[in-house]
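TrEMBL annotations:
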- GLY24, SER25, GLY26, LYS27, GLY28, THR29, ARG137, LYS180: ATP binding site (BINDING)
- ARG50, LYS71, ILE72, VAL73, GLY98, PHE99, PRO100, ARG101, ARG141, ARG152: ribonucleoside 5'-phosphate binding site (BINDING)
- ASN105: CMP binding site (BINDING)
Amino acid sequence: MGSVDSANGSGKKPTVIFVLGGPGSGKGTQCAYIVEHYGYTHLSAGDLLRAEIKSGSENGTMIQNMIKEGKIVPSEVTIKLLQKAIQENGNDKFLIDGFPRNEENRAAFEKVTEIEPKFVLFFDCPEEEMEKRLLGRNQGREDDNIETIRKRFKVFLESSLPVIHYYEAKGKVRKINAAKPIEAVFEEVKAIFSPEAEKVKLNSCAIL
């Protein structure tokens with residue numbers, strides 16, 4: 001499988017930002033705001049996996065069984081779904097939400113797609129706050145009970161923190177205090193994305 005080039009045919013590699021945060025950290029809401037304000041395409045690893053399960057494919061059944069057992073889906077399965085979504089989309093900048101879940105995911109993504117993220121947006125939120133939000137949001141998700149929430153949080157910490165440390169060492173982590181109200185969190189997000197958007201604007205003016 002070759003590297004991913006953006007679907008606009010320019011051969012330029014797409015811009016990828018990894019979005020990490022425990023369950024209930026509010027990253028989905030913030031991703032929607034970033035899409036609206038900055039023109040990114042939001043790819044949720046979880047949504048892509050759920051869509052695959054819904055399709056009833058052999059792949060989907062395998063994914064469903066692994067999730068039920070609390071296992072992490074093999075990297076190549078998720079990467080193939082992400083790669084397909086990037087290739088089929090006309091945009092050239094993507095938020096990849098809830099991935100990489102662990103070090104192995106991270107290494108496999110960079111190796112398979114030959115894309116290194118521009119940075120990692122990390123929504124840092126205490127466990128008590130996440131629990132409160134998840135138990136209060138009744139979205140009908142069968143995995144939103146207290147036991148499962150705690151298990152998901154523990155898995156997140158154990159598996160995702162090494163990824164965050166890896167990118168921190170490269171100066172690529174942008175940490176957000178996600179315990180604040182939604183609007184205050186988005187102010188922090190804007191402080192990261194607005195200078196980026198301005199830079200792009202200035203560069204295109206310079207070219208003209």
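Placement of Cβ uses the backbone N, Cα and C atoms for every residue, glycine included.
Feature map: TrEMBL annotations on the structure.
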residue	record	Cβ within 10 Å
GLY24	ATP binding site	24
SER25	ATP binding site	26
LYS27	ATP binding site	26
GLY28	ATP binding site	17
THR29	ATP binding site	13
ARG50	ribonucleoside 5'-phosphate binding site	16
GLY98	ribonucleoside 5'-phosphate binding site	23
PRO100	ribonucleoside 5'-phosphate binding site	27
ASN105	CMP binding site	23
LYS180	ATP binding site	15
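Calculated from their C-alpha atoms, the gap between ASN105 (CMP binding site) and GLY28 (ATP binding site) amounts to 20 Å. Of the recorded residues, GLY98 (ribonucleoside 5'-phosphate binding site) and THR29 (ATP binding site) place their C-alpha atoms 13 Å from one another. When Cβ atoms from all protein chains are considered, those within 10 Å of ILE72 (ribonucleoside 5'-phosphate binding site) total 14, not counting its own. Cβ neighbour count for GLY26 (ATP binding site): 21 (other Cβ atoms within 10 Å of its Cβ, all protein chains included).
With respect to their backbone Cα atoms, LYS180 (ATP binding site) and ARG50 (ribonucleoside 5'-phosphate binding site) stand 29 Å from each other. Nearest by CA distance to SER25 (ATP binding site), out of the binding-site residues ARG50, ILE72, PRO100, is PRO100. Reported as a whole number, the C-alpha separation between PRO100 (ribonucleoside 5'-phosphate binding site) and LYS27 (ATP binding site) equals 14 Å. Rounded to a whole number, the C-alpha distance linking LYS27 (ATP binding site) with ARG50 (ribonucleoside 5'-phosphate binding site) is 18 angstrom.
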